[in-house]
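Annotation source Swiss-Prot lists GTP binding site at GLN12, GLU71, SER140, GLY144, THR145, GLY146, ASN206, ASN228, citing similarity to another entry. Annotated Mg(2+) binding site per Swiss-Prot: GLU71, in sequence order. What Swiss-Prot records for 431-453 is region 'Disordered'. For 436-453, the entry in Swiss-Prot reads compositional bias 'Acidic residues'.
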Amino acid sequence: MTRSIVSLQVGQCGNQVGLKFWEGISAEHGIDVDGKYIGDRPDQELHRIGVYYNESSSGSYVPRAAMLDLEPGVLMAIKNSKRGQLFHPDNFAYGQSGAGNNWAKGHYTEGAELVETALDIIRREAETCDVLQGFQVTHSLGGGTGSGMGTLLVSKIREEYPDRMMCTYSVLPSPKVSDTVVEPYNCTLSIHQLIENADCVFAIDNEALYNICYNTLKIEQPSYDELNSLISSVMSGITCSLRFPGQLNADLRKLAVNLVPFPRLHFFAVGHAPLAASNSAGYRSLSVPELAGQMFDRNNMMAEIDPREGRYLTAAVYFRGKVSTKEVEDEMTLMQTKNSAYFVEWIPHNIKTSVCDIPAAGEKISSAFIGNTTAIEATFKRFGNQFRSMFRRKAFLHWYKSEGMDELEFSEAESNLADLVSEYQQYGEATADGVEGYEEEGYENDHPEDDEE
């Protein structure tokens, strides 16, 4: 039984990142722009194709995806692009007026009007799955649609499918790649929702993406397209274990069981290797130790954090290409032994490894990384401080109140974010004796029927 994932792309950023993701994984599965299979290794490429694609009666493979936005521009551009034929034409839903970078418009007014249409698409996709394992959402938290309507959809889906997994790829705003002054509001209100309604949040920081492009890839003025390509490469690496046969973390629930020690602490930093400027890429010998070193290097992480300022609760690493499983495991043991101060001692064996024979497009070997580190509190503190300095003066609040929002919701979001920061601090400093309830919490695997492939 194939256990499928339904994807939602919400807002401009979510749809542009989503399109890059589908381009990347279609190439890996041998699917052309019209959804036809043109690969040469069907036993590998098609074995679990049903996770992300639905096979139509004409034999083409259609992404299980809903494309959603509050204005038509980006979706029309996708529909008319060369990949436009890949998607189901009925799975595009858009409003006309946009959210104007206002979370309340996305969550309470404009977005609420479109949400029923969106849920119809999602139900229709869910019904075509043999077994639905869960949902993945790509969106940004800085604007109005991805943040406001994105989190509205997450909460509606949670109500309707309470026992399915909910994972989000959430792009956090940055002053270097900034669109709008109210980003701290939109971001904090969104995180407030994601703490309660998501199982796994891959936090991708525009600031870190910008720094990777500028410092490592030597791109003087990174475009959104280049930032999105970075996100799509890490999404492809993280999802390879879901899409190809015989892997650790072969579904979203197992991924969460391995990475989430306490239900609220489900915000992950992600990374990808190799990263090198195109003119120097040919000069490096890629080996497992080299990739491992790059993955754990703060300059390669897609979150603007310094892992040395916190401790890893858990981590998962995925190697792709012709690499030996034993070498990967030995390297990770060595990495953990050498850096034991940066891993909590009360979760033994907290780095999970996985090897996938099928390389990423254009790479001989590559790797992806997911880290649940307490250092991510720095990101939340950054938004919390920006939020506080505006909220104290009630700056721009009238834009939100005029859509029917209450100040109380702002205060609740602020205190939920502050609680999250202090929980990360508490577990970062805890010793083996000081942690209670670790065994009891986390995810019960109460869906044994899901484990059947």
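A Cβ is built for glycine as well, from the same backbone N, Cα and C atoms used for every other residue.
Take the CB of ASN206 (GTP binding site) and look out to 10 A: across all protein chains shown you find 27 other CB atoms.
Neighbour density at the Cβ, taken as the number of other Cβ atoms within 10 Å, is lowest among the binding-site residues GLY144, GLY146 for GLY144.
For the binding-site residues GLN12, SER140, counting C-beta atoms within 10 A of each C-beta gives the highest total at SER140. The Cβ of GLU71 (GTP binding site) lies under 8 Å from the Cβ of TYR94, GLY95, GLN96, SER97, GLY98, THR145, each on the same chain and at least six residues away in sequence.
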